[in-house]
Amino acid sequence: MFDFGVVLNNLEFLLVQGLLGLGAFGGGTLALAVPAIVLGFLLGIFVGLARLARSPLVRLPAAAYVEFFRGVPLVMVIFWIWFIMPQLLGMAIPEYEVALTAFVIFEAAYFGEIVRAGIQSVPRGQVEAAASVGLTGAQTMRWVVLPQALRNMVPSLVTQMIVLFKDTSLASIIGYVDLTKAAQIVNNREIRPLELYLFIAVVYWIFAYSLSRLARRYEHRIQAA
Amino acid sequence: MRYEFHWSVLWSGQTGGWLLQGLLVTLAISGLAWVLAVALGVVSGALRTGPWRPLRAGAAAYVEFFRNVPLLVWMFFWYFGVPPLLPAVIRDWLFDHGAEFWAGMLALGVYHGARMSEVIRSGIQSIPRTQFEAAYAMGLTPGQVYRLVIVPIALRLIVPPATNESLNLLKNSSVALTISVAELTFQTRQIETYTARAIEALTAGTVIYLALCLGIAWIMGRVERRFAIPGLIARGGA
């Protein structure tokens, strides 16, 4: 009944093309996931800091941004970008740019909340102590608050990275050839969905699970410290 | 850029009722999947805090396997992978009766059940041990301890993250469009395809999701504040 030969015969296409993006189609799950995580987090830092700004002119738009993107499905955001970018820029946009833009904009809302919670978890006394030794606001943020906040953020950051990593499978909806799309392509020819989808499930699982183990190890270490 | 809006495609003509139909399917698939997810989450979450090692390991395996794989992959798995394994009679019946809906429902429910399980486990585990000890010290029986002390606390601790997870489930039901479940996102795309009115269709779909999510979050926020335990649950800002 099961025939995992289909996986072995197409292993190179699935992994080299789908996962790494080194085949004729370009694409690739990792080629999308890694930049999306890095850029999403960077934008998230700004969103999180803006959420804590004293001026409502900065704080309220940031709050609206977060509430908006946390209230709509990622698939919807991908369709928006897919449709609206070519209209705004007046030319066709490759799936990669569409997907990356959607992920960065969407995930920055979630990363922003993590950054905000991380900064708020630093005791007020730390800020007061920094002020009393004569540090400016920016110096306090840079040398006292952010280093401690980052440490507190690590567990939820990793969780969000895992979510983002899994979500990159949704880029296959607009035709981006990642691991999921590669499995679909092979399945269209071989019609062995059970084996193929189980196989990519395991590949996704290995990445996500290792990340979560790493996070747990780190958590224990900072708790012990 | 000049764009003429034609909002009427949303409520009149051939595409008129599509959004409403999509909304109903979204609510149906999310509702059923939510019941399944909560059932799986409560059972596996409770087993994971229980004393029985094999059951604990089994529940942990379920959680770790399902939540670390993309929902989309589970959708394909349940829709394309599983039916060929079923006896022909059941398979034919399924494909006559909306197989994609049931596959999508199962995928959503089983995936979010694993995530719900984590919510429930950490809720139970975050109850201070002293609560158990205090309850026993007052002479309550184990049944009373759970009924009168632990469950009321656990419920209140679990509500905020469980609300979050339920909203994630609602939003993730949009992934079911990949296996052609005619839910809200699918219908939004259909309207766009039929009328070439992308901005109108996407705006309407987005606003409906936003209203659902913000509405539920607002109601649950009120419930949370109403039942908050002073001193035990530290709520930032509220």
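Placed from the backbone N, Cα and C atoms, the Cβ positions cover glycine too.
Among the features that TrEMBL reports, transmembrane segment is placed at B:20-47 (among others).
Marked as domain 'ABC transmembrane type-1' by TrEMBL: B:23-220.
Long-range Cβ contacts of the transmembrane segment (B:59-81) within its own chain (Cβ-Cβ under 8 Å, at least 6 residues beyond either end) map to 40, 43-45, 47-48, 99-100, 103-104, 106-108, 110-111, 113-115, 117-118, 172, 175-176, 178-179. The transmembrane segment annotation in TrEMBL covers B:59-81 (among others).
Positions annotated as transmembrane segment by TrEMBL: B:93-114 (among others).
Residues of the same chain lying 6 or more positions beyond the ends of the transmembrane segment (B:201-220) and with a Cβ under 8 Å from any Cβ of it are 9-10, 19, 22-23, 159-160, 163, 166-167, 170-171, 174, 184-185, 187-189, 191-192, 195. Here TrEMBL flags B:201-220 (among others) as transmembrane segment.
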For the transmembrane segment (B:93-114), sequence-distant contacts whose Cβ falls under 8 Å of one of its Cβ atoms, 6 or more beyond its ends: 25, 28-30, 32-41, 44, 62-67, 69, 71, 74-75, 77-79, 82-83, 86, 165, 168-169, 172-173, 175-176, 179-181, 183
